[in-house]
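Participant: Here's the feature list from TrEMBL:
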DOMAIN    232-360  domain 'Palmitoyltransferase DHHC'
REGION    175-194  region 'Disordered'
TRANSMEM  79-105  transmembrane segment
TRANSMEM  117-134  transmembrane segment
TRANSMEM  146-163  transmembrane segment
TRANSMEM  278-301  transmembrane segment
TRANSMEM  321-345  transmembrane segment
Amino acid sequence: LCCCEYVPPPGERNHLAACCCDCEDLDPPPERWLTCRSLPPGALERIADTVADRLRVPWFAGAVKINVSLVPPLVLLPVFLHVAALHFLLGLLVLTSLPVVVLWYYYLTHRRKERTLFFLSLGLFSLSYMYYVFLQEVVPRGHVGYSQVVALTCGLILMLAALSRAKKDPGYLPIPASNEKSSHQNLPDRSVRGSANGLRGVTASGAASSRAVNGEAKGYSRMSAEEPEGAKKDWCAKCQLVRPARAGHCRLCGRCVRRLDHHCVWINSCVGERNHQAFILALSFFMLTSVYGITLTLHTICRGRTPFVALFYCPGAYSDYSSALSFTCVWYCAIVTAGMGYILLIQLLNISYNVTEREARLALRDNTGRRLLGGLVIDTGQYNRGFLCNWGHFLSLGSSPPQRSAEDIV
């Protein structure tokens, strides 16, 4: 392929210059609209899929598809913030409508069980744009020292490093690749949706199933050290494997994850046994860096007032456009920081009681947990071993489980 060619789903080579030509999905709708005829069922979905497939940019080995969900934050966020900086009332309108729009889009994608890069793109671009505004509008005023800029930059780098680690494997259970006949004839073969390599899920033989129950079979069902005696494992019909206690199936990723906590839309990945620590670390670095940046900005544009007072009362904030933009970005950061702070608080409380978000939801559904601290945490009581033991267990997540001898297995 040349840099402007690509292969669409039908399999025929196409060119960027012909993106609107010879398309069964794009040609009939204009004709139907001009003749006042209604579109057939599902036509709008097919048009959207076709347009999304043809949004590509030239690249070395062929045109690369652009994920549509990446574009809105890059375009709308700077526009909204600059509009909000024009007047106090516009800022109030924009800053109250942005969270509503984001929550609506989250509800829409969550209901459809769709994965999207919108939230990851919004988070990363927000960080980049806030840092750019800080360097362009706040630092030149001369009230921020070089060491403070370096400290803020280091916090941002550490947060991105922790975020990169959190984006890696959360602890996916390996999909069994055996094609042996199963003794359980009532468990049909089915394709595993969303698997990385597209392998078909197959049932294991009776001997393999017994090994899985005893903790062998490639280690994907070995019981961890923190699991109490008698902890039950269960069968995942989607992945066709026996999963250990506390593991769960993510409907968005289509995979089973060890000690599944939840699927985080902000990193577009699950939070599980192997990346939960990095997730907490990324949230902590974000909170520290954001609060520090907000404090430096408010000390610069609202001299003589404490940050908390300046956040609500800063008479000279709209005296010039630079100050207004900085103040608007501060409020935007404060809203995002408040939301992330709530997530971090819930996570820290769950760790203190050794309960995951998934287990809390299941306990609420089955009415088997206790609401504590005003409902902020749900204590299931199954894995709670005390504050210190719970945190010790969390800090040891991801370590290899102890090897079991042949005598123990027998």
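The backbone N, Cα and C atoms fix where each Cβ goes, and this holds for glycine too.
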Participant: Which numbers of helix, strand and coil residues does DSSP report for the domain 'Palmitoyltransferase DHHC' (232-360)?
Facilitator: 68 helix, 18 strand, 43 coil
Participant: Would you kindly list the residues that approach the transmembrane segment (321-345) from elsewhere in its chain, counting only those six or more residues past its ends and only Cβ-Cβ distances under 8 Å?
Facilitator: 81-82, 84-86, 91, 94-95, 98-99, 126, 129-130, 133-134, 137-138, 280, 283-284, 286-287, 290-291, 293-294, 297-298, 300-301, 311, 314, 376
Participant: Average the pLDDT scores across the domain 'Palmitoyltransferase DHHC' (232-360) and report the rounded value.
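Facilitator: When the pLDDT values over the domain 'Palmitoyltransferase DHHC' (232-360) are averaged, the result is 92.
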